[in-house]
Amino acid sequence: MEKWDGNEGTSAFHVPEWMIQFADQKQEFNKRPTKIGRRSLSRSISQSSTDSYSSAASYTDSSDDETSPRDKQQKNSKGSSDFCVKNIKQAEFGRREIEIAEQEMPALMALRKRAQGEKPLAGAKIVGCTHITAQTAVLMETLGALGAQCRWAACNIYSTLNEVAAALAESGFPVFAWKGESEDDFWWCIDRCVNVEGWQPNMILDDGGDLTHWIYKKYPNMFKKIKGIVEESVTGVHRLYQLSKAGKLCVPAMNVNDSVTKQKFDNLYCCRESILDGLKRTTDMMFGGKQVVVCGYGEVGKGCCAALKAMGSIVYVTEIDPICALQACMDGFRLVKLNEVIRQVDIVITCTGNKNVVSREHLDRMKNSCIVCNMGHSNTEIDVASLRTPELTWERVRSQVDHVIWPDGKRIVLLAEGRLLNLSCSTVPTFVLSITATTQALALIELYNAPEGRYKQDVYLLPKKMDEYVASLHLPTFDAHLTELTDEQAKYLGLNKNGPFKPNYYRY
């Protein structure tokens, strides 16, 4: 047995022979698997591909069968079958999830209590396409309490919590969504929400623009009765501005994504926490010392970079905008082109809202076991379609985690098939979603009740006063006490004592 030898009061360790041999051989761990060992590392392409494309159920579905919800005949306790969820029997469990979320969504609960008597959404028929989570359920039930009728589909095929969808269906909400939908299922669910005999929407709440796109494509005449659109994602807002520029936007639209209470809280603080949660749950990796490249330094990118830097990762940033690029540099991140670091990084994260940010060429050059994921709304940022080729083997490792294996044995770890990581693979902080959901609710109330002529066929930001109101509803949670202006101070600044406190051009 090796031992410590004393030498003039100083301890020295005699290096064992096995340590020397290990040092000589340590480079073997970084080599790619060889062709010889490939069969032991992966199954046949036909089987692994099937596994990869199959849907991943939520953790409560272990006892459920694989029958498509579209093929099931289900009714809730009231006898209604106007819904399509994975398993209506999960409703009780989903109700508990919703009750937990309510505790962290003080503004929505306050709004529900304050406006319930007035019913500001009485007569509103809202069709929604968002992530169906416990937090969304609190929003939907708040809209219902304010007088609205709602029909809902999911904006992401992996983010639906099946038990929550079941609880909503049991409560009488027509919900058409389940975790692991196919592309065909996705559009079928949206169509079931929209194409209903005897019911036509007059408001749209969208996340990503797919619902709006579907109505424009299939049912354009519906816009004659629709009062407005509320959109909360970068992708969906971009589509709305394109429609507006082309003169094809038929109704007023509210851009919630660029509201201060969405962009500076949901986009930043939510992603700062949920990026780590999503990566941990899917890969169990340690972040300290890992090299990470984050594509995009908007609010989402800023949140991701801050979290990973705090965990000890070496973070690189790619950016097209010189202002965001300068912010990244002054925050201590090295600005690079993706080609410069693609061979060395351990994790690649996209959050740009663009398409093909990570191309097949990038994927071919990545190191073995590189993790690739997306934090943007759409699945266009990573060129996943280029990986659906016969020479590459797909191996499903766990829910939402695929190994894509090259002929030489190299593999990358692809999360959620390039879709939104945090809502597909983990959860997001409820409190910050309360801020976004309250903003959405107020935007719906504003558009629905606005007198004719206030809003034209264009895209608008939520009035600053409403942003401040949403923020104020959340301050009591922290026992926070706002300072009030004196009359003299308000006059000096040229402000109303009750706000708004900043001009529209102010950058928070």
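Just so you know, glycine gets a Cβ as well, placed from its N, Cα and C.
Taken from TrEMBL, the feature region 'Disordered' applies to 29-81. The compositional bias 'Basic residues' annotation in TrEMBL covers 32-41. Per TrEMBL, compositional bias 'Low complexity' is recorded for 42-61. Under the heading substrate binding site, TrEMBL lists Thr133, Asp207, Glu232, Lys262, Asp266. Per TrEMBL, domain 'S-adenosyl-L-homocysteine hydrolase NAD binding' is recorded for 267-428. According to TrEMBL, the NAD(+) binding site annotation covers Gly298, Glu299, Val300, Gly301, Lys302, Gly303, Glu319, Asn422.
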- [ ] Would you mind reading off the Cα separation of Lys302 (NAD(+) binding site) from Asp207 (substrate binding site), to the nearest angstrom?
- [x] 21
Task: Candidate with the highest Cβ count within 10 Å, taken from the binding-site residues Gly298, Gly301, Gly303 - done: Gly301
TODO: Name the one residue among Thr133, Asp207, Glu232, Lys262, Asp266 whose Cα is closest in three-dimensional space to that of Gly303 (NAD(+) binding site); these are the binding-site residues.
DONE: Asp266
TODO: Take the C-alpha atoms of Gly298 (NAD(+) binding site) and Asp266 (substrate binding site) and report the distance between them in angstrom, rounded.
DONE: 12
Task: Top Cα neighbour of Thr133 (substrate binding site) in the set of binding-site residues Glu299, Val300, Gly301, Glu319, Asn422 - done: Asn422
Open item on the list: Just to verify a number: CA distance, Asn422 (NAD(+) binding site) to Asp266 (substrate binding site), in angstrom, no decimals.
Closed with: 12
TODO: Could you check the binding-site residues Asp207, Glu319 and say which one's CB has the fewest neighbouring CB atoms inside 10 Å?
DONE: Glu319
Open item on the list: Please report the Cα separation of Asp266 (substrate binding site) and Glu299 (NAD(+) binding site) in Å, rounded to an integer.
Closed with: 9
Open item on the list: As a test of the contact definition, list every same-chain residue at least 6 positions from Glu299 (NAD(+) binding site) whose Cβ is closer than 8 Å to its Cβ.
Closed with: Gln263, Lys264, Asn267, Leu268, Cys271
